[in-house]
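Enquirer: Have a look at the structure that comes next, please.
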Amino acid sequence: MESNRHNGCVVSKQGIDSDLKALKIYHWIKCCVSIFHFCNRSVIEEAQKTTMAAAIHETSSSAHKRWLPLEANPDVMNQFLWGLGLPEDEAECGDVYGLDDELLDMVPKPVLAVLFLYPITEKSEEERRQQEKEAKKDYSNQVYFMKQTVGNACGTIGLLHAIGNVTSEIKLSEGSFLDRFFKSTKSMDPIERAAFLEKDDEMEVAHSVAATAGDTTAPEKVDTHFICFSCVDGKLYELDGRKTEPISHGPSSPNSLLQDAARVIKDMISDNPESLNFNVIAISKRTGPEGSI
């Protein structure tokens, strides 16, 4: 399974009109870039230019909101999450190098969530449409789920799904963005959460800075998509903001989450065996006296 360092996605419903203002975005960049200590000055300047241009475009046209894709890179994702309020000694992202048992055994435990990047194909789209037709509320009300209305935001949505379903197992920094976001959206439905995120300037700027801080240049158009697998109330759920609701994949547990997700991922890969555009990232809880896994 070859690593593909970029993600992307096509939203399944019309994006909410943006009221982004260029000066406000610039202000948020100035406030936000300091949390990403991996960014050098050239990266920050490029993020400022990119986001300012996007802000001006949004205020002068009716185009749907679209972000740069977040790189499928654990280091970038770690800095992104840590900067938004996930303490470094609580959890971290790491590559999963293969789906065989011996490679899964190398992944730090316990695993809190699994992110999966896969190519969007005609077959995967047909399966998604079929699931839309057969949708029924067959999931626990404890599942944190949100729709995706922003183009190329699937990496961020996947991370929010991952953290949103383990807030009882990790401690977010009080008053941080993630702490405020999950408290504010706790009682919302999936569409309301999507609207809340789309209007949040702080997240948009943080995402833009992270998207320009990876190892490769972020493309504007991509044909891959990130989803999240989480264990909630004894079941494995596939969380995909392009779908109507969480998809249950049967019984699971915190101890078997990685293996259970790998089983589903293997089936998805087998549907497109000629592609190499797959990537699996695990979010593991840090343990030990100094937060080491």
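Residue positions begin at 1 at the first shown residue.
Using N, Cα and C of the backbone, Cβ positions are placed for all residues, glycine too.
Heads up, here are the entries from TrEMBL:
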ACT_SITE  Cys154  active site, nucleophile
ACT_SITE  His225  active site, proton donor
DOMAIN    66-285  domain 'UCH catalytic'
SITE      Gln148  site 'Transition state stabilizer'
SITE      Asp240  site 'Important for enzyme activity'
Enquirer: Which ones, of the recorded positions Cys154, His225, Asp240, have a Cα no more than 10 Å from the Cα of Gln148 (site 'Transition state stabilizer')?
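Expert: Close recorded positions: Cys154, Asp240.
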Enquirer: I need the CA-to-CA distance for Cys154 (active site, nucleophile) versus Asp240 (site 'Important for enzyme activity'), whole Å please.
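Expert: Cα of Cys154 (active site, nucleophile) to Cα of Asp240 (site 'Important for enzyme activity') measures 8 Å after rounding.
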Enquirer: Using Cβ atoms only, which residues of the same chain lie under 8 Å from Asp240 (site 'Important for enzyme activity') while being at least 6 residues apart in sequence?
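Expert: Sequence-distant Cβ neighbours: Arg128, His225, Ile227, Cys228, Ile247.
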Enquirer: Determine the Cβ neighbour count for Cys154 (active site, nucleophile): the number of other Cβ atoms within 10 Å of its Cβ.
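Expert: By my count, 29.
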